[in-house]
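S.K.: Sequence annotations record features per position, and here Swiss-Prot assigns S-adenosyl-L-methionine binding site to R84, G108, D132, D187, L188, E215 based on similarity to another entry.
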Amino acid sequence: MISPQEKQDKVIRATDLDALSCRYSANNKSYFSKPDPFIDSLISSYKMHLPLCTGYTNMSANRTLRSVFNEQKLPLINRGTYLRTESIDVITQEFIKEFKKCQVISLGGGSDTRCFRILEEHGEDVRYCEIDFHESVKIKKLAIINDKKLADIVKYDEESQSITSKEEFARLESNIHTENYHLIGYDLRELTGALDSGAILEYVDTSLPTLILSECVLCYLNPKENERIIEFWKNAFASKALLALLIYEPMSLNDAFGTTMTHNLSNRGINLLTFNEYPNLEARYKFLSEKCQSSNVKLTDMSNVGGYDSDNTTKAWINSKDLARINRLELVDEIEEIRLLLKHYCLCYCEFSHSPSLKTINKWKWILE
């Protein structure tokens, strides 16, 4: 029997499977201009090792995996996944292009494959750190060490491992540390602003311009934990290199659609603790600029990113050629429906430092800045 906290953590970890299945679907439908060759390795590791995780049996793990990967995703979900992935990718690539030698820290990196794409292209210049729950990290570690291509990309040269029991899985060291890649098992809720989390900072280079990514991660923490985690990173980089934060997550907008989202998530045992606390772009701007004391704050909803609220010719997030391409992939009948859905997801960027800002952050159209 698992504890209530373990049960809640299991629910949160399961959202990583949701995200992976959405990327898998969008990839299979050819939404990404460059197909993602790394997704299958993560899925294989999940299929092999999810039964070994806390709260799962072979039967329940297989049922969960069938549920998420056999489900046909709606076109609006595939399009939303594309816009989410593409918008974060373009900002990350611009950050790397502008600063050359830099660092990316992914909070709740889980099954995300962005690290492999970036290190494959920029491995000599970019230091990449991923932090997530221990069990999520172990599944990713096993994907890496049992796939030569992934191991070569992150420069991991130890032998592959076969883990077949819960006992072996529990004993497995979760972390990977190579020259430019660090995979760290850590509960982000344990971070404090006091810089007492040496397990993290030991592998972070605070002299490098750094972009922190949070994709649907901070939304599972309460507002105080949000402040504490941001304060931790702010203190770590105080008076040093540029620290930038990029957040993607849902917001309620205090409307009927937001209420429906809340009920649907609640039925799955998911409580988005910032969903109603910061219900719109204005509330999030105030949180980042006033409570967190960040600068160069910029926010948009994903409807704007997808070009549903503008002519998409000035400072467009997605160029007209790519928009035309994805419009041909699947028919989306209800434009108003996808616009409404995308209105409830936001992209937030801000900086902490007196160092030079990311100049090219202004190349895209933001709603609030």
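The backbone N, Cα and C atoms fix where each Cβ goes, and this holds for glycine too.
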S.K.: Looking at S-adenosyl-L-methionine and its recorded binding residues R84, G108, D132, D187, L188, E215, figure out the farthest C-alpha pair and report it in angstrom, whole number.
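M.R.: So the binding residues stretch over 24 Å, Cα to Cα.
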S.K.: Cβ neighbours within 10 Å, counted over all protein chains: which one of the binding-site residues D132, D187, E215 has the most?
M.R.: D132
S.K.: Just how many other Cβ atoms lie inside 10 Å of the Cβ on G108 (S-adenosyl-L-methionine binding site)?
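M.R.: Taking every protein chain into account, the count is 23.
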S.K.: Compile a sequence-ordered list of residues in the same chain as R84 (S-adenosyl-L-methionine binding site), six or more apart from it, whose Cβ lies below 8 A from its Cβ; state 'none' when nothing qualifies.
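M.R.: Listed in sequence order, they are E215, Y248, M302, Y345.
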S.K.: Under a criterion of Cβ-Cβ distance under 8 Å and sequence separation of at least 6, what residues of the same chain contact L188 (S-adenosyl-L-methionine binding site)?
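M.R.: Sequence-distant Cβ neighbours: L107, G108, I131, V217, L221, E225, I229.
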S.K.: Going by DSSP, is L188 (S-adenosyl-L-methionine binding site) sitting in a helix, a strand, or coil?
M.R.: helix
